Every structure is written in C-alpha cells, then in structure tokens.
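K.L.:
This is the structure I have questions about; it appears just below.
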Amino acid sequence: MAGIVVIFDFDKTIIDCDSDNWVLDELGFTDLFNQLLPTMPWNPLMDKMMKELHAQGKTIDDIVEVLKRAPIHPRIVPAIKAAHALGCELRVVSDANMFFIETILEHLGLREYFSEIDSNPSFVDEEEKLRIFPYHDFTKSSHGCNLCPPNMCKGRVIERIQASLEGKKKIIYLGDGSGDYCPGLKLGEADYMMPRKNYPVWDLICRNPMLIKAEIYEWTDGEELEKVLLQLINMISLEEDDANSSQFISVDCKLQTMSASKNAFPHALPVPQ
C-alpha cells in the first residue's frame, strides 16, 4: 500500500476543536483575543497572545497541559494507526502551529506515524515564551492565492508534495475548514477528497462540485472518518490489483441524510459531466 499518501488537516479533523481557540479559552484569554482580532491577522495575533500569556504568568507547562486535554474522537487514534499499518504515508498540513500539533500528537502517541508536518513554525525562546510565526512570511511577499489566509496557502503545500511524488502515489486529503478548499482544487482525478460534512470546506465544495477533480467522500465525525478512510484505502488496494473491481455509488451533494446501511461503501459526490 506504498502508493497512498494520506494528508490530514489538524484542527477539527484530527482533534475536535480549534487548537488556538482551545488554548486561549482554557487559559482565560478569549476576551482579549476577540478584542484584538479586528486589528491584525490571526497568525501574528496568536504570537502576540503568547506574549500576553507569558506576561501574565502562564508557563509553557500550562500550555502543554491544556493541549493534552484537547478533545478528540475516540476513533481518530485507531484510524491513524490503521492507515499507517496498511502502509500509507501520513502527513499533516495545518494552519495551526508546530508546537501545538507536535505536543498533542506526542501526547497521543502518534508523532512517529507522520512523515512530515507542514504548519506555522513555533519555538520556545530564551525567556520560556512560545513564539509563533507564519509559514509564509507575508510581510516580505504574497503567496499569491486569494483563497487562503496570507500566512499559508495549503494549495501550494500540496503542489510541492505532488511534485515530490511525481504522480506515483494517490492522495487522500482530509479537512474541514475554508483553508482546505484550495488544496482540494489541486488534487487530481486519481485522488480523493474527504471534507467534513456541513463544515466550511463542504459548503465551498457544494457550490460547484465540478471544480474538484478528485472523488469526494464526506464524513461527519471520528467514527465515520475511520470507516470512510479505511474503506477508501482498501478500495484503492483492490483497484491496484484490478481496476474494475470497485463500483461507486453517487449521491447528491446537498443530500442531508445517507440511506446506505452501515456496512455500505461510503458515497462519492457526483461530478456532473
């Protein structure tokens, strides 16, 4: 199964919250964050908020303990381990930050399963203060994508990954937010997009599914993520042995309920011809 790369968003995909909001909420800094949000972009604001936490006596250990409590669906960890055991290469592409992501993955015993993490760089400075910086330094130049926030275009990250794969592997991309739409547009016909249903990326896709070349399979929670992801991996494995062995069932993108049985294969969204 070396022919599959599974790329996960992090917030509201691997964990069931936004890690930035989670830390600020748990440490009591939400009001200040909301007050400052209209005045500056999100990424530099998070760096400023880390300075505020430090100035008011919050330590790195306080942040780490909060991150360890981040909510996660109980089927996510088994899903990641199973995908890895089946031979998939696993990556994270996220607009969170490296410190938050690595702290949580290490706590869950999952860090070793991911070959690469692309996110906003962060480090603890000499004053024991967490610093957070943009993945793309938009103060020097623009990444040129009007679909993505100024600090990170996930579509560009996907293009770099695709170039390194040289078309030899299929990509399964999982995400929930509006920032996951651009990378979805970069996927090819042999790839798979797994948007979280009724989240921003799902809404964007539903406006015009024809723009997504990849097969689209929705999921709603960790249980369904595990089911759909592992069935996709198994289906791709079968297709590698026999291209005619699998059949797809199409459903309307706007359909709110799925009538398929629990044992049925996940539904692909139709792309009008």
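Heads up, the Cβ atoms here are built off N, Cα and C, so glycines get one too.
Relevant sequence annotations retrieved from TrEMBL are reproduced here:
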{"type": "ACT_SITE", "residues": "Asp9", "note": "active site, nucleophile"}
{"type": "ACT_SITE", "residues": "Asp11", "note": "active site, proton donor"}
{"type": "BINDING", "residues": "Asp9, Asp11, Asp176", "note": "Mg(2+) binding site"}
{"type": "BINDING", "residues": "Asp20, Asp95", "note": "substrate binding site"}
K.L.:
Hey, how far is Asp20 (substrate binding site) from the residue listed as 'active site, nucleophile', Cα to Cα, in Å?
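P.N.:
Here the two Cα atoms are 14 Å apart.
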K.L.:
To the nearest Å, how far is the Cα of Asp95 (substrate binding site) from the Cα of Asp11 (active site, proton donor)?
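P.N.:
Here the two Cα atoms lie 8 Å apart.
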K.L.:
Around Asp95 (substrate binding site), how many other CB atoms lie within 10 A of its CB?
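P.N.:
That number is 25.
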K.L.:
Which whole-number value in Å describes the distance between the Cα atoms of Asp11 (active site, proton donor) and Asp176 (Mg(2+) binding site)?
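P.N.:
Answer for this pair: 8 Å between alpha carbons.
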K.L.:
Give me the sequence-ordered set of same-chain residues, not including Asp9, Asp11, Asp176, with a C-beta within 8 angstroms of the centroid of the Mg(2+) site's C-beta atoms.
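P.N.:
Going along the sequence, the neighbours come out as Phe10, Lys12, Thr13, Ile14, Ser94, Gly175, Gly177, Asp180, Arg196, Tyr199.
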K.L.:
Under 8 Å Cβ to Cβ from Asp9 (active site, nucleophile), same chain, six or more residues apart: give me those in sequence order, or none if nothing qualifies.
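P.N.:
Val92, Val93, Ser94, Leu174, Gly175, Asp176, Gly177, Gly179, Asp180 - these are the non-local Cβ neighbours of Asp9 (active site, nucleophile), listed in sequence order.
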K.L.:
What count of other C-beta atoms do you get within 10 angstroms of the C-beta of Asp11 (active site, proton donor), across all chains shown?
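P.N.:
Total other Cβ atoms inside 10 Å, all chains included: 23.
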K.L.:
Say we define neighbours as other CB atoms within 10 Å of the CB. Which of the binding-site residues Asp20, Asp176 has the fewest?
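P.N.:
Taking Asp20, Asp176 as the binding-site residues, the minimal 10 Å Cβ count falls on Asp20.
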